[in-house]
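Features as listed in TrEMBL:
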TRANSMEM  20-42  transmembrane segment
TRANSMEM  54-73  transmembrane segment
DOMAIN    111-250  domain 'Palmitoyltransferase DHHC'
TRANSMEM  157-176  transmembrane segment
TRANSMEM  188-205  transmembrane segment
TRANSMEM  212-233  transmembrane segment
Amino acid sequence: MTSRRIKLLIPKDRAELIPLLFTIFLICLYVTFELCVILPAIHHNIFTDKEISHLIFGFYVIFNLIGNLYICMITDTSINTIICPVLLPSTIVNSISTRKTQQDIIYYHCNWHYCHSCEVNVPPRSQHCRTCKICILKRDHHCIFLGRCIGFRNIRYYMCFLVWTWIGLVYCNILHMDYTYELVGTFSWRVMISCLCPLIAWLFNFVDHFSLLLSCICSTSIILSLYVLFLIIQQSFLISNSQTWYEYDKDIHTYNTGKGLRFNLQLVFGKRWYLALLNPLISSQPLGDGMSFDMHRSETRDAQNTGTKYI
Ligand SMILES: [Zn+2]
Ligand SMILES: [Zn+2]
C-alpha cells in the first residue's frame, strides 16, 4: 500500500519531476519566509493574541494546502480502478444485432468507446493521456506542475489545492505589505518599484542585495496569486458548465444537464460540497461512479435516434 502511494506520488514522465519539485520548493520557501522573516519582523512578541491567531490561521492554510495536494497526488483517477471490458458482453450484442459495429453498440447502450492504446473499452468522458500512458476517468487535463492527470477522483482536491494556494498567497501579500510598512513607515513610489520590479530597483540602488531577494519573493507572490486566481476562474467556469477541458475545447455540452450549479458542484465536490473546502479529510464522494453520467435530454434523444457521436 505504502509503495503504491510512493509510486503514485512520482510522475509517470520523470521529466515532470522538475516542475513538481519546483512547486514543492516554492511552498517550502514561502512557509519558511513567512514564519522566519516576515512574522517575527511584524510582531516582535510571539505570545500576543494577534501573533497566535496569525500562526493558527497560517498553519490551517498550510494544512489544507499540503493535505489537498497530497491526496490529489496519491488518488488514482485512471481506469486502473475499474474493470474495463475488452469485448462487449454477448447478451448486449445479441439484443441489438441490427447495429453495424461493436463500437456503435457500446455507444448506443452506455456511451463507452474503445481506446486503441489501452486496448479496452473505456467509459464516457474518459480520455487517454499520452504522458500518463493510460485512460483517465472523466479526464479534465494533465497538470504539468503536479505531473499527473486531473480527473473524476481527484478534481475536488485539485480545486481545493488551488483555492487554498490562492488564499495562502493573498495572505502572504497582506503580510508583505505590513512588513514593508514596518520597514519604511510609509508607501512611496520607490517601495512600489521595489515590490513590483525588484531588479530595476536593485539596478538603481533603491535596494541592497538582501532587500532584492525579499523583493523578488514579494513580487513573485503577487504574480503567482494572480495566476492561481486565473486558474480558479477557468476551472470554476468549467465546473459550472459541467464540462471538462476536452469537452470545452470540442464544444461538447452533452453532460450539462441543466440541473443547476448546486448539482454541478456535487458532481465535483460531492454531496457535502459545502464542507469539502474546509478540510481535505472530510469525506464527500463526488456524485456518480465515473463510468456513467447524466446527459442533456436532447443529446440523449439524438443518441437514441441517430446513433453514434464519439467523444
Ligand atoms: Zn487509453
Ligand atoms: Zn496525464
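Glycine is treated like the rest: Cβ placed from N, Cα and C.
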Winner by Cβ pairs under 8 Å against the transmembrane segment (188-205), considering only 20-42, 157-176, 212-233
212-233
For the transmembrane segment (212-233) and the transmembrane segment (20-42), does the number of C-beta pairs under 8 Å, pairs 6 or more apart in sequence, reach 3 or more?
yes
DSSP-assigned states of the domain 'Palmitoyltransferase DHHC' (111-250) in counts, ordered helix, strand, coil:
81 helix, 18 strand, 41 coil
